[in-house]
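TrEMBL has this to say about the protein:
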BINDING   Ile18, Gly60, Val61, Gly62, Lys63, Thr64, Glu65, Asp247, Glu312, Arg384  ATP binding site
DOMAIN    49-323  domain 'AAA+ ATPase'
DOMAIN    326-425  domain 'Clp ATPase C-terminal'
Amino acid sequence: MTDLTPREIVSELDRFIIGQNEAKRAVSVALRNRWRRKQLGPELRDEVYPKNILMIGPTGVGKTEISRRLAKLARAPFIKIEATKFTEVGYVGRDVEQIIRDLVDAAIFQTRELMREDVKQRAHEAAQERVISAVAGEDARAGTREMFRKKLKSGELDSTMIELEVADTSNPMGMEIPGQPGMMPGGMNLGDLFGKAFGQRTVKKRMTVAESYGVLIADEADKLLDDETVTKAAMESVEQNGIVFLDEIDKVCRNADARGADVSREGVQRDLLPLIEGTTVSTKHGAIKTDHILFIASGAFHIAKPSDLLPELQGRLPIRVNLRALTEGDFVRILTETDNALTRQYTALMATEEVTVTFTDEGIAALAKIAAEVNESIENIGARRLYTVMERVFEELSFNAPDRAGEAVTVDADFVETHLGELTRSTDLSRYVL
Ligand SMILES: Nc1ncnc2c1ncn2[C@@H]1O[C@H](COP(=O)(O)OP(=O)(O)OP(=O)(O)O)[C@@H](O)[C@H]1O
């Protein structure tokens, strides 16, 4: 839960997503409403339901990204699922309640990570003592331990090999199970099963002091966090803060296209309805009420229109926002202005090889122009095009970088032309590589 104001939320989102202000505003209000609801007295609080959002816009323009960043900001459990998944052969009748069960699993993972952060300091100290015992011996005197503690802090012991007993996180039967790791087809977790049956298994592992730190901190943090506390907090977090992102909702409309059975599509909407309206879903950790989970549905709505959704579903998605197609100008900004901009990423990656990369304005303009052109001539996949274009421009350098340590490379208009020019002039070629 965050107490950021809508304006602050939008400005956080601005760090990663260019434009799409309408959508940013809508999600920021949805998040603030959760905080407002928490301030209410218990009677009214239960009456206030989330105002779910319908995001309308073409592929690759930031719908998922906005929602995912919002969830991260709010430390909210998040899941993305394609509505069409439930119309696939083999999925018919697959219950949509699985969405909530998957959300619970995601929440448990997330809650554990967040709680680990919180207990890190304590875990850090405990881990340090375990390393000292491993180096100096269990029964070393206080003075000796203190001496080693100093050495440990100064990094002097980093390459010392030690043997440690740590929790065994490997699959106890060495079985490979397709799908989620550690999950049996029925949704039972092998780790849980064996953990309960045999108690926590441990293994002896040899490693350097430097390597041991991460392992031990995780191990110690887990000891401080018992499963029950984590699960309880995760369940609470799902009910109060959970966010479900339902993609391709337009594809389960009657008018989506000529193929497939309409019945199964509308069936999916009918199945989804109770989840969005508020129902109780049983999970292996207990019951989850979905009443206050925020649903963000999204789709391109090229063929079907929001009015083709079941009326009940339309009513449950009262906030409509449009996201617009991205332009060449947006691409320039996406390449340069965001915290995680691709130009920053490639520069940092090449710096690890001691190759200094700089981009000129003309170079960036050329990249944006090519991305926009390929989107136009082949298929508009939005900002995703920037990934393929950048990967291609850097293909040669990425491969040769280790031999070019110490060099400086300038990505200017010429560089882009040399590496992409030929490709962009051939639709046939760019269809495959860009
Ligand atoms: N407006 C934007 N600003 C910055 N980056 C963007 C923007 N739009 C998309 N991206 C980047 O493009 C990629 C794809 O975007 P995203 O996953 O949000 O697509 P989407 O709109 O949800 O499409 P789909 O419905 O097909 O999933 C992400 O990596 C995202 O960071």
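The backbone N, Cα and C atoms fix where each Cβ goes, glycine too.
Automatic prediction, not curation, is the source of TrEMBL annotations.
Structure with TrEMBL features highlighted.
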residue: Ile18; record: ATP binding site; contacts (Cβ under 8 Å, 6+ apart): Gly62, Leu326, Asp330, Arg333, Ile334, Glu337, Thr338
residue: Val61; record: ATP binding site; contacts (Cβ under 8 Å, 6+ apart): Gln20, Leu323, Arg324, Ala325, Leu326, Gly382, Ala383
residue: Lys63; record: ATP binding site; contacts (Cβ under 8 Å, 6+ apart): Ala23, Met55, Gly57, Asp247, Ser298, Leu323
residue: Glu65; record: ATP binding site; contacts (Cβ under 8 Å, 6+ apart): Phe16, Ile17
residue: Glu312; record: ATP binding site; contacts (Cβ under 8 Å, 6+ apart): Leu273, Glu277
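Comment: ATP site residues Ile18, Gly60, Val61, Gly62, Lys63, Thr64, Glu65, Asp247, Glu312, Arg384; largest CA to CA distance 34 Å, whole number. Checked against ligand 1, the binding-site residues Val61, Lys63, Glu65, Glu312 give Val61, Lys63, Glu65 as the ones with a Cβ under 6 Å from it, listed in sequence order.
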